[in-house]
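Undergrad: Okay, handing you the structure first.
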Amino acid sequence: MTGLLERPPGRLAGRTPVRLGPFSGVWRPRVIAVTLTGLALLVLVAAVNIGRGDFPISLAEVLAVLVGGGDEAQQFIVLELRLPRTLTGILVGAALGLSGAITQAIARNPLASPDILGVTAGASATAAAVIVLGGGNGVITGLLSAAGLPVAALLGGLFTAALVYALSFRRGIEGYRLVLVGVGVGAVAMAITSWLLVVAEVYQAAQATVWLTGSLNARGWEHVVPVGFALVVLVPVALLLAFVLGGLQFGDDTARGLGLNLNRSRGALILVAVALAAVATASAGPIAFVALVVPQICQRLVGSSRPPLLASAVHGALLTVGADLIARTALGTELPVGIVTAVLGAPYLLHLLARRNRGVTA
Amino acid sequence: MTTATATPAGAGLPGAPAGQRGAVALRRRRRLVILGLLALLAVAALASLAVGAKPIPLPVVWDAIFFPTGTEDGIVVRSLRMPRTVLGIGVGIALGVAGALMQGHTRNPLADPGLLGVSAGAAFLVVIGIYALGVTSLFGYVWFAFAGALAASVLVFVLGSLGRGGPTPVTLALAGVAVSALLTALTSALVLADTNTLDAFRFWAVGSVAGRDAGTVVQVAPFLGLGLLLAAVNAPGLNLLALGEDIARGLGQPVQLTRWVGLIAITLLTGAAVAACGPIGFVGLVVPHVARSLTGPDHRWLLPASGLAGAVLLLAADVIGRVLVRPAELQVGIVLALVGAPFFIALVRRRRPASL
């Protein structure tokens, strides 16, 4: 909000409008440049990620296999092992980046991420319950275990988000109340998780910790399909709904004055963000930091007043796949990707903070 | 959330007389709040001494404290429950005051001592202590936790103050998030590399006041005392900062000095609390909201009320944890979330929490 006041007034008038039928917007070449650069880097990193490993395959051979060539061993390794893993990384990262951008734009808080809606906390608690309690104890955990870890995590995440939404609904949804209720519900879920870790056997606790850190290890096509389907449906919806984000940016009263139906548009956007985050978390565990840092980084790269959606999705995918490449190959052992996303993302955010301290807006 | 530049509306201006009668009523109300909290704290402390796996009647507790004769009940009270209760009070006050200071300084209602990287830093050094040096006693954790808390918050302040304009609420919060995420990731990496470390760490990380002896209390007491002193000094300056930095500077307040004193107080208080009990969430986040709805935004009243409410909440949660699954215990960190969260949600739903 303060950023608007600090900007020299001449810049606003100098922007070129773009009109297409009933829609209109402002021509922002930086948004397009940042998105396309991210996309190009993403393709490159994904190809390298598929090629590297215990059985190295050159870039040219990777491309050959992808269009149907290569020998049998290469086809198996690329198509059955590394491609699904990389695709899961791309899709999960894109979903997290987009979800984070939407959440931060609605909450108008740079600290907001889908975590605040309780999605990841709920999914984590459910997953920990499945790992620690197994099938033996009780009807609910038995049913969840039978459904499998990803489905259980998805249900847990969606249920928690629905709970947060229901508890914060009071003659409509207010961003402030939603965030605070989310903190409360998330704290309960996290307490349950840490209690489960204390009562678990050590090996179960270790297994749960890997999941809780976020890992792409041993992800196959069965993980790619649900995330891919979710993105195909949700990305267009998110981009359509995003038109109201500009109005929401000015606060409730102004947005209402601009003729927005606050509850409907905000509820729809939250639903999209939650669905994206829940599907992503169910597939790969809560990969830290992508949803939090990528929208902030993209906002600074683009120089806009709120996180750009498409650019956030592309760069979320880039960060996740790049982190997975490092997690798989940089050290001797294979780390969970969530550790690397945090180690990569945190210093970059700090660097941007130090360089453009004045550009930060709440 | 964009209260960064907004001043509290209307009645929020500290010290502004809203009519003579209103001011008197407000002062009487605040005194009543403090007295009520003190009474609650006394009740909670007695409950904490009497309730547990072995219930001890209050007269016996009284005798054990003031006329020790060495009976079995007396030993339970003096050597187990008294240090635990004193520590609970100290840590509760520290977390409550630190939370109020933090929300005042960052002007972010979500601000929590964990936000400045304190908990994450403490956890990371504790893990290093367990992993590399084989420390396994609570006595050993304390110093690692304190060093980690201190180092992480200094790192956050330095990183948040880089660039033009020095530390602002938003840059500090973002730097805290970044450093926390980094340290948490490194902690996970270490914990995953060694099962024994995970086994020791998970019991510390859950947050508990059980099993602490008088030595732990003595260790952290100086840091708590200094932190509370700095917090008291900081209160009037924080009231002026709430009007906005420019106005505070215009009224003759040394803004940077006030910020630094506040940050040092937060670090000392939360560092000592985390060191003694492990990361206990929720007190620093919830309590200031409750206290603010009772006393209003004047930090001279808000800070003591937050501290007392924090101590009451922590002791109550500890007592509940001992009763719920008797003869076993639920750790206070878990109970706090299970009990505190519904209360917090009800408060948030009832009306908009008093603005910062």
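Every residue, even glycine, has its Cβ placed from backbone N, Cα and C.
Predicted automatically and left uncurated, TrEMBL annotations should be read as such.
Note that the structure is a prediction, hence the values are computed from the model and not measured.
Feature table excerpt (TrEMBL):
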- A:31-50: transmembrane segment (TRANSMEM)
- A:116-136: transmembrane segment (TRANSMEM)
- A:142-166: transmembrane segment (TRANSMEM)
- A:178-203: transmembrane segment (TRANSMEM)
- A:223-248: transmembrane segment (TRANSMEM)
- A:269-294: transmembrane segment (TRANSMEM)
- A:335-354: transmembrane segment (TRANSMEM)
Undergrad: Which bits of the chain, at least 6 residues beyond where the transmembrane segment (A:31-50) starts or stops, bring a Cβ under 8 A of a Cβ in it?
TA: 57, 59, 62-63, 78, 82-83, 86, 89-90, 298, 301-302, 304, 308, 310-311, 314-315, 317-318, 321-322, 324-325, 328
Undergrad: State the non-local partners of the transmembrane segment (A:335-354) in its own chain: residues 6+ outside its ends, Cβ under 8 Å from one of its Cβ atoms.
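TA: Same-chain contacts beyond the flanks: 89, 210, 213-217, 284-290, 292-294, 296-297, 300, 319-320, 322-324, 326-327, 360.
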Undergrad: Who are the chain neighbours of the transmembrane segment (A:116-136) in space, where the CB to CB distance is under 8 Å and they lie at least 6 residues beyond its ends?
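TA: For the transmembrane segment (A:116-136), the nonlocal Cβ contacts are 103, 107, 142, 144-146, 149, 152-161, 163-165, 178-179, 182-183, 185-187, 189-190, 192-193, 196-197, 199-200, 204-205, 207-208, 211-212, 270, 273-274, 277-278, 281-282, 285-286.
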